[in-house]
Amino acid sequence: MSRGDMAKPLLGHGSTEGDRSITPAAGRTIGVLGSGDFARSLAIRLVCSGFKVVVGSRNPKRKASLFPSAAEVTFQAEAVKKTDVIFVAVFREHYSTLCDLADVLAGKILVDVSNNTEINYHKESNAEYLASLFPACTVVKGFNVVSAWTLQSGARDGNKQVLICSNNQEAKRTVAEIAQIMGFTPVDMGCMSSACEIENIPLRLLPAWKIPIFLALGLFLCFFTYNLIRQVIHPFIKEQKNKLYKIPIEVVNTTLPCVSYVMLSLVYLPGVLAACSQLYYGTKYRRFPDWLDQWLQHRKQIGLLSFFCAALHAVYSLCLPMRRSHRYLLIETAVKQAVEKKMNIWVEEEVWRMEIYISVGIIALGLLSLLAITSLPSIANSLNWREFSFVQSTLGFIALVISTLHTLTYGWSRAFDENQYKFYLPPTYTLTLLVPCTVIIAKVIFSLPCIRHRLLRIRRGWEKGRYVKFVLPSATGEYSSGETSSNV
Ligand code: NAP
């Protein structure tokens, strides 16, 4: 962005109904203490949004060229005198060096934008610390969840939310208005006691993904060990054959679909357990146990990891014929056939098995891709609730059924072949079928009219043992109403 561009306001004020309420804040002078990355991006954004900006630096001459020409860069004390709202774009460690400004800062709003390097690193939040250093000022915590990059690129790219908290409602409102004019969405997080929580947010590493990732790793480890025993250790012990070369591709490729398939069923299992609980207790108002609540909240991440493993499985499978080991085995088989003078090695059943399971696998992967895409917030927001639940619930369940078909056609009759039981361990695919089949059978049972009807009523607020008035659609689509003892 050129310095000229930086001076142009990006957002017009008062152009929409919503903007009208926030115009009073526009055009005012905003102060920024500090001239680092954040201060610079903030100044650019403020200028683009129509504010006058005055930057306070310890060395204004040296730093002035880094800022848009419309922003005034001066000494800290000078800058502070010219405005009532000052963004403190300085690290917490240097707050004490600003104490000389205490008199000029008195009565003004200080916006603490700082972050820490570790979660709960200090006993008190940075904002509370700043407030303790400047008791005559009003401190507002905000903008720390927005990066310098997001500020520069504008709210079009990156996080749009700005979390704000303060003990002073008026000051909070002023900062919220500024955020809104800058194109961000202010989120009121309450009073200053929330500052610690707000400061911890940018430091969290994928909090919603922790449990699903551990789950996927746990499953991967279990299935990998199981496949390793069957595919590598068994031939070594029983036939003294070295099959270690199978580990990087073959063993991994038999493990990935197991993880993907089981994870996909784990997306739908908590829903089944929740329905069982609602049917058993005859109410939807009873809280689920914490573990089930957590599980329900992580379904999206579990589903995305299932898709990730399925996609890897597809790529690994495509690469199988490229391996040198595969080519050697093909040539070896061809030579053996030539020696034994076998002309026709076509096994019709095997051909069909493979054609079907690959085709069904591709369809399952296609459906999983659809589920993954629609779980992205930008796509999900463009769907209404019915469309979203159709894709996630109905298509998701169809994906589970098709994945089951893929697994069954892959396994074919191997479950009944004695040679497939290495160390008496059944083929891996039979183990993976356990949870998905339970989910599918449960879903089929729930779709029986008598159970479906009861579940529907419970989800509409009906409770066992309570006398309630209800209105339900009849089989003809007409609504019938009546009073009933609900344990009927
Ligand atoms: P920075 O590039 O290191 O800038 C810090 C500025 O503080 C310096 O340029 C300096 O400006 C000023 N300062 C005032 N007194 C100081 C002193 N005694 N010693 C050293 N510097 C002093 O850091 P930054 O990335 O802009 O971050 C500034 C604040 O914004 C931090 O609290 C950070 O947590 C927060 N923040 C940053 C980001 C980001 O993406 N960078 C995102 C969210 C929040 P003068 O030399 O002109 O006085």
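Sequential numbering from 1, following the chain as shown.
Glycine is no exception: its Cβ is also placed from the backbone N, Cα and C atoms.
Note that the structure is predicted; figures quoted are calculated from it, not measured.
Sequence annotations record features per position, and here TrEMBL assigns domain 'Pyrroline-5-carboxylate reductase catalytic N-terminal' to 29-116. Per TrEMBL, the feature domain 'Ferric oxidoreductase' maps to 259-400. Residues or ranges marked as region 'Disordered' in TrEMBL: 1-22. Here TrEMBL flags 211-229, 261-281, 302-323, 356-376, 388-409, 429-451 as transmembrane segment.
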Per the Cβ under 8 Å criterion, with at least 6 residues separating them from its ends, the transmembrane segment (211-229) contacts 247, 251-252, 254-256, 258-259, 262-263, 266, 294, 298, 301-302, 304-305, 309, 422-423, 425, 428, 431-432
When the domain 'Ferric oxidoreductase' (259-400) is classified with DSSP, how many of its residues are helical, how many are strand and how many are coil? 119 helix, 0 strand, 23 coil
Taking DSSP states H, G and I as helix and E and B as strand, how many residues of the domain 'Pyrroline-5-carboxylate reductase catalytic N-terminal' (29-116) are helix, strand and coil? 39 helix, 23 strand, 26 coil
